[in-house]
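Enquirer: Here's the feature list from Swiss-Prot:
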type	residues	note
TRANSMEM	16-36	transmembrane segment
TRANSMEM	86-106	transmembrane segment
TRANSMEM	119-139	transmembrane segment
TRANSMEM	165-185	transmembrane segment
TRANSMEM	191-211	transmembrane segment
TRANSMEM	254-274	transmembrane segment
TRANSMEM	276-296	transmembrane segment
TRANSMEM	315-335	transmembrane segment
Amino acid sequence: MVDLLTGLLPPFVWRLLIIVLQIVAIVLPLLIAVAYLTYAERKVIGAMQLRKGPNVVGPFGLLQPMADGLKLFVKETVLPTSANRVVFVGAPMLTFFLALVAWAVIPFDKGWVLADINVGVLYLFAISSLGVYGIIMAGWASNSKYAFLGGLRSAAQMVSYEVSIGFILISVLLTVGSLNLSDVVTAQSKMWFIVPHFPLFILFIISGLAETNRAPFDLPEAEAELVAGYNVEYSAMTFALFFLGEYANMLMMGAMTSILFLGGWMAPFGLGWLPIPGLIWFVLKICLVMFVFLWVRATFPRYRYDQLMRLGWKVFLPFSLFWLVLTASVLTAFGWLPNQG
């Protein structure tokens, strides 16, 4: 039977089909996770504000994400008369596409990675740097001063904190000696990097909040002053694509935190003997980081814009650079640099 099926189509078609199935196996659970992250956010923040959160649609409100998605799907997409239509529609598509393609190099378990490339960290850094273009395009194409100001704020914010994230990544990579994300995880078999690099872990979490435009760094969407920021003119599915892209980027930041500092798919506290797949541990760690993101949103007030810039350039950048020099010095002094000779 297998030989018959193989003979029906050329080998390259089968390879293409396998790749498509692998992509679907990543994208479909990711979209479901994004949908239920919105539900979890409303439940967690509701509990912190002594409310119930969504509890009407389905048991315990579990069908609320489906209702929200259906609502956005059936609404009309309104295009502003003075907008550049091609760029206006292309911006949310670009944001959503970049949020998805970043997951190609994420190792979910040992050997469970779509593209196991040797420069996985550089790939992720490049994709995250491109994300700002979608927001700038949206702000400019809307032909609205509120959207344009939101886009400019977002560009400045993301670029500012990407510099610190870059130095944090270099410090971790010096400890590993490889740009491959699977190697980063296996290097933590004896000790997770959260122990030697704990200050970097805190910096990475806070920089991740700023990079994904989450509270208390949600200046681009400052509804108190900019109505809704760069997406003020968007509605229906174009708005939904921005929404999905933002939450997919949040999950990506959780996955990166898990891989760089929390041992990726490895079991915590010496529980590796339990018959629990590495994928489950990886997902649980992402959920833990997401809870921190939601907790911060419910707890802290929004930063003023000058405070945000000062924190990025005058605190995070010098400290991450100092830690990079310290890491390199310690590794060199004790002969701990990996892959020597």
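In case you wondered, yes, glycine gets a Cβ from its N, Cα and C as well.
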Enquirer: Sort out the residues at least 6 away from either end of the transmembrane segment (315-335), same chain, that have Cβ-Cβ distances under 8 Å to it, and list them.
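Expert: Residues 161, 163-164, 167-168, 170-171, 174-175, 197, 199-200, 203, 206-207.
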Enquirer: Can you work out which residues elsewhere in the same chain, 6+ from the ends of the transmembrane segment (86-106), have a Cβ less than 8 Å from its Cβ atoms?
Expert: 26-27, 30, 79-80, 113-117, 120, 123-124, 127-128, 130-131, 133-135, 137-138, 140-142, 181, 233-234, 238-239, 241-242, 244-246, 248-249, 252, 255, 259
Enquirer: In the same chain, who gets a Cβ under 8 Å from the transmembrane segment (16-36) while lying at least 6 residues past its ends?
Expert: 9, 65-66, 69, 100, 103-104, 114, 244, 247-248, 251
Enquirer: With Cβ-Cβ distances below 8 Å as the criterion, list the same-chain residues six or more beyond the ends of the transmembrane segment (165-185) that contact it, or say none.
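Expert: Counting only partners 6 or more residues beyond its ends, the transmembrane segment (165-185) has Cβ contacts under 8 Å with 105-107, 110, 113, 116-122, 124-125, 128, 193, 196-197, 200, 203-204, 207-208, 211, 259-261, 263-266, 317, 320-321, 323-324, 327-328, 331, 337-339.
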